[in-house]
Every structure is written in structure tokens, then in C-alpha cells.
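Undergrad: Shown below is the structure under consideration.
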Amino acid sequence: MNALNFAAFQWIAAGPRPTPWVLGLAIALALWGSWLCGAIVIAALWRHRAERAYLCIVAALAGATSAIAHAIALSLDMPRPFVLALSPAYIEHGGRGSLPSTHAAVMFMVALAFLLRPRLRALGLPLLALAAATGWARIYVGVHFPLDIIAGLLLAGVIAAALALVQWCVHLALPRTGGASGGKDAAGSLWRPS
């Protein structure tokens, strides 16, 4: 597995002589991709009033995902590519453990959580593309291996699947009420897909 991970890194990473415009794009994505993801979540909070409670849960899960990813990375303490002198680090970064990528875990979890809600799906696909592009960029600039990004995606998938399971269980457990709400009760609307 390590040989494949190292080979994939060598194929994707900038190495010692990067193409300047690709490096510039990768640095921008590596540094600002997560901020753009956060801005999209804030815009969704403003634009989708009916989804605000759900989006607050997604934001809380993003924080939990970050904490879990950091804890796993700390316990595994897998070295980063630049620490192993496989590539220069083109952005400043500490040498702490890299597996899983916290950026990938959080960004993919947010994207998957958006894809779970019909009103938010139009933003979910761009968020998914942004997470993938940021993952590529963080490999390109030498701070992550491909396996770090894949592990982040897997962690995100587990957390998003847990969110989907909770939504499904609550949807089954809460009775629907008729009347002016169109068959949705206030408590259930948080968990039921919109």
C-alpha cells in the first residue's frame, strides 16, 4: 500500500520543478479552498432559511469531524511528504501527522451533508468538486499523500452516513401531522429531507 501511495504522490505532486501557474493554482486552493467551503455554508445559511437548523448541525459536525481527524492523525503520526524529503512543501505547514487529511475530512463531510438535502444539493456538487480540488492541491504542494485525502473522504463518508441514518430513523419515528404545515411537524422538518 505504501508503494502505491508513494507512487501516486510522485505522479501528482509538484516535485522540485513545478509548473508555475499550476503551483499558483494549487497554493490558492490549498490555502483558501476550506475558506471558500465555509463561505458557501454561510451563504446557504442566509439563502435557505428552512435549512438553518440543519446547517447548524452540519457546522457542528464539521467541528466534530475536524477534532476526530486531528485525534486520528495525532495517534497514527504518519509523516508528511515534505518531512520525508519527497517534495518541498510549497506552503507553510507543521510536520504533525497527516493521515487523515483534516481539510479533506471536513470538506467532503460538508459536501456529502449538502447532498443529503434536496434544497442543498445544487450546492453539494460544487462543494464536492471543491473538496476534491483542494485534496489534489494539498498533494501537489507537498503536504499530503493521496492516502491522506482518501482517508479523509472515508471518515467524511462515515460521518455523513451516520447523519443520514439519524435523519432516516427520526423520519420513521416522528409522526406526520396534517394541517397548515403541509404534513410536516416542526420537530420533524429538521430531520426530514426538504
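Heads up, the Cβ atoms here are built off N, Cα and C, so glycines get one too.
Keep in mind it's a predicted model, so treat the numbers as computed, not measured.
The transmembrane segment annotation in TrEMBL covers 20-46, 53-76, 96-116, 123-143, 149-174. TrEMBL lists 54-164 with the feature domain 'Phosphatidic acid phosphatase type 2/haloperoxidase'.
Burial and contacts for the listed features, if you can.
TA: Counting only same-chain residues 6+ beyond the ends of the transmembrane segment (20-46), those with a CB under 8 A from a CB of the stretch are 14, 52, 55-56, 58-59, 62, 90-91, 103, 106-107, 110-111, 114, 120, 123, 126-127, 130-131, 133-134, 136-138, 140-141, 143.
Long-range contacts of the transmembrane segment (53-76) within the same chain: residues 41, 44-45, 96-102, 105-106, 109-110, 113-114, 117, 120, 152, 155-156, 159, 163, 190-191, each at least 6 residues beyond the stretch ends and with a Cβ under 8 Å from a Cβ of the stretch.
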Undergrad: Take the transmembrane segment (123-143) and find every residue of the same chain, 6 or more past its ends, with a Cβ under 8 Å from one of its Cβ atoms.
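TA: 9, 12-14, 18, 22-23, 25-30, 33-34, 36-37, 40, 44, 80-82, 86-91, 93, 98, 101, 103-104, 107-108, 110-117, 149, 152-153.
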Undergrad: Can you tell me which parts of the same chain pack against the transmembrane segment (149-174), counting only residues 6+ beyond its ends and a CB-CB cutoff under 8 A?
TA: 57-58, 61, 64-65, 68-69, 72, 99-109, 111-113, 116, 131, 135-136, 138-139, 185, 187-188, 191-193
